[in-house]
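Notes follow the structure.
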Amino acid sequence: MLRLHLQLINVAFLIAIGFCSVSSDTRPKSYDYYRLPTSLKPELYTLKIMTKLEDPSNLMFAGEADILFKVLSDTDNITLHVQNLTIDEKRTELKKDDDNSLLYCIKDVTISEEHDYYIINLCQPLRKDELFKLTLAFKAPLNQRLHGYYRSSYIEKATNRTKWLSITQFEPAYARSAFPCFDEPNYKAKFKIWLGHHNALTALSNMPLERQELISELPDYVWSIFEESVPMSTYLVAYSVNDFTYKSSGDNRVMFRTWSRPEAMNQCDYAAEIGPQLLMFYENRFGIKFPLQKLDQIAIPDFEAGAMENWGLITYRETTLLFAPNVSSESNRERIATVIAHELAHQWFGNLVTMKWWSDLWLNEGFATYISNLGVEHLNPDWELLNEDTIDNILGVFKYDAHINSHPISQPIEATNQISERFDTISYKKGSAVLRMLHMILGEEAFFEGIRHYLMINKFGNAEQDDLWKAFTDRAHLYKRIDVKYNMKTIMDSWTLQVGYPLVKVIRDYNTNSVEISQQRFLLNNSLSVDDNDKCWWTPLSFTTATKKDFSTNNPLNWLECSEGKSSVKIILNNIANKEEWVLFNVQMSGLYRVMYDENNWILLNQTLNSNRYDDIHVLNRAQLIEDILSLAWGAYIDYNIPLDMLQYLRKENKYLPWYTALQSLANVDRLLKNFPNAYGFFSKFLVDIIVPVYNSLDGLNNTLKESEISHVKLKHKMLMSKWACYLKINDCVQTAVKYFQEWKQSSVNRIPVDSRAIVYCTAIRHGDRSDWEFLWQRLQASNVATERRTLIQALSCSRNSTLLKNYIDLIFDEHKYIRQQDSAAAFGAVARNEVSFSIARDYLIEHIDQLHEFYGPTSHDLTSLLSSVANQIVNVEDSNAIQLLLDRKSEFFKEYQKSVSNALETIHLNIGWIGRNIDTLQTYLAKRTLGG
């Protein structure tokens, strides 16, 4: 007891008095593998962390880690991870677990900076199956980089004082910067966490609070001691010291609390309401109870990710947790519901069962993305979000994965600095889309039985994708969903282990009434010479015809198979349709592939769409046809005359999803064509022609219906059409928006309909003057609602005044943090998208690259976000060369994000190539249509 008491005193005084450290040898050593040695396995961490927040000029933490570990094979060293921690090596101790009196001899310490290895070399080897306890004392500043154990703050409106808090963000590999550890996901262990802090503050961690103890040597300080955790990976450890308040909800079995800064507590109601409902839905769906006794969700003022699924203490940006009635929009509500559903799904997929290594990150993120769609659908079926999420995920995959520089879902990761780039569209959206396709193949019962089996077999452990395929193969055979000669590993590996996705070519012979079906990889530029002959996907084929119109049967009727050599095998189908009727493949987009038909079948489909029978085709397949045909034109597989003819039908389309899909694709054309006034004039007239009827049918930007009188989907449709109408200056849209804005400006009472505000603000700033811009800037500084702040930040970029926009970029990165670091990349991106200020954003990136690198720090991906924002707008060789010179000059700034850089450069080349191929022909075609030629 005496020794424990002394340890507590030492830890309590670490910050107050500091400590000495012994220098370590940083010379390169023989062990240079990117993964830890497998000789040791941690069993229990006892962490004691003291945090002081009183002095803003010296925000520090200090601690002590007792690591109980088992020896799996004889070893003469202990290798673990340490990053940016000062270790007091005089206090390092190694003892056998069953003999507290015997200290083991430590020879020396070596450090491998490349892999963050802290290697304790021993005088004698540790023997297999023995248990040891390693004690390490450490300290570090609370950093400002939004990862590791870092600082955040907010200004208390009532006193105008800055209030400080501490918070963790350890995924993927930042736990090592907060305490010494075996910082890989397969090294699961239990954690006993002690947090030392001022007694006026609250301490939170993964587990419920067990007790508090006074620290006699530090007046007004206490230890908050938390219950021992379940086994978990280091990246899921979380703790915080703050002055927040909470709202309770849920049942008595799981204590559910939603935390925020006190002045935002009235924004917690929605999250507190839906969180327990989603938790219960998942428990019932998976047949496994949430294993903890409490679950906290907390809104952090400064947070880089959208949210983080830490077990029992989920951290969020304020925009993804807090909903302010009469200020936050319905799209904000939808986003909050989706993010909460995603993080709660992680409590099973990622927390209960964790991938063995980051190569299979998609097992966490793909599952959480897909399952969250089901969760939100359960909460609000009237939102019809399941179909929209399907479209949104697939559109994201189709765009990203058609780049040459894309990557497979599951791909080896051979350095820690490669992990962050994998948190991308492929892991999230392609992972989700592949799981949806698997769900369609297997059916409801087999799919969820497979999931339950996978979770039960691997709970509190780690898994890889082959474990998932085994669980699904057993169920697929049991329910006769696939032939016994096939297995899910063969089928699904073709989707997860290779880059890209297939373009299924459906070519009909109208004389023999047969259909030849083949596949190839789809690329955003079909003219590129790429050797993808070895690409083949096991592709489930579903189809219907103009006569059958069967859009309910979306399970596979046939398969495009791959030979043993993994090459594609064509198939011929006979007598599936009369020559006068269309055929349509990929019913309800159940498979992750595009479809290209022969010209006559496109004409037959077009005839139906441009008739009063357009809704004979399921709404998802109407969206699919639009997406496929526009992307085929974009990639130079077909001419633009076919899709532009087809899009005429949109004048009478009254459903949201086809319009959402069409305008997503047409926005890309708009983005490039607006640099060419003549062609853009004809294109904008084309857009006006198809948008006006639907805009008018939804009563424009006018607020003639109360929210309770309009469905969630119809409201989104109305806002989508209004956004484009104001952008294109259709009818009274601009005048209505400006009138709303000026009434607010004059009365200081905001009566603008909440869901119209983003459109009204942007339109009013676009057509306003400096006083309008400054009025909105003041509203931004005064706002207490994060969702509103995000809307205002975006709207301020809509100005046509280049001087205001230049000043705005300076304000985005100003040291006074008028705009938080977490919002800066999005703000910059909005400025870059504005054609008036693109060159300002481009020049700012080039001229301030050193300051931006310092602003974000060497491990942030935000610098590449700025690069991508500029790259997306580039349409000429001069700008391309300027970016290439920047990358050559500052290559060290981007060395850890080579995939992102490659994608940015590919985007530039695709833009320039598209302009070269299409500008003249599009202008000629659109001119003929406009002039009636």
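Placement of Cβ uses the backbone N, Cα and C atoms for every residue, glycine included.
What TrEMBL says about this one:
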type     : residues               : note
ACT_SITE : Glu343                 : active site, proton acceptor
BINDING  : His342, His346, Glu365 : Zn(2+) binding site
DOMAIN   : 41-236                 : domain 'Aminopeptidase N-like N-terminal'
DOMAIN   : 270-495                : domain 'Peptidase M1 membrane alanine aminopeptidase'
DOMAIN   : 582-909                : domain 'ERAP1-like C-terminal'
SIGNAL   : 1-24                   : signal peptide
SITE     : Tyr428                 : site 'Transition state stabilizer'
* Whole-number Å value for how far Tyr428 (site 'Transition state stabilizer') lies from His346 (Zn(2+) binding site) (Cα to Cα) -> 12
* Of the recorded positions His342, Glu343, Glu365, which sits closest to Tyr428 (site 'Transition state stabilizer') by Cα distance? -> Glu365
* Including all protein chains displayed, how many Cβ atoms other than that of His346 (Zn(2+) binding site) lie within 10 Å of its Cβ? -> 25
* What other residues of the same chain, not counting His342, His346, Glu365, have a CB atom within 8 A of the CB centroid of the Zn(2+) site? -> Glu309, Glu343, Ala345, Phe349, Gly350, Asn364, Phe367, Ala368, Thr369, Ser372, Tyr428
* If you skip the near sequence neighbours and keep only those at least six away, which residues in the chain come within under 8 angstroms of the residue listed as 'active site, proton acceptor', Cβ to Cβ? -> Gln297, Ala307, Met308, Glu309, Ile314, Tyr316, Ala368
* **Cβ neighbours within the same chain of Glu365 (Zn(2+) binding site) - under 8 Å, at least six residues apart** => Gly350, Phe423, Ser427, Tyr428, Gly431
* Fewest-neighbour residue among recorded positions, criterion Cβ within 10 Å, set His342, Tyr428 -> Tyr428
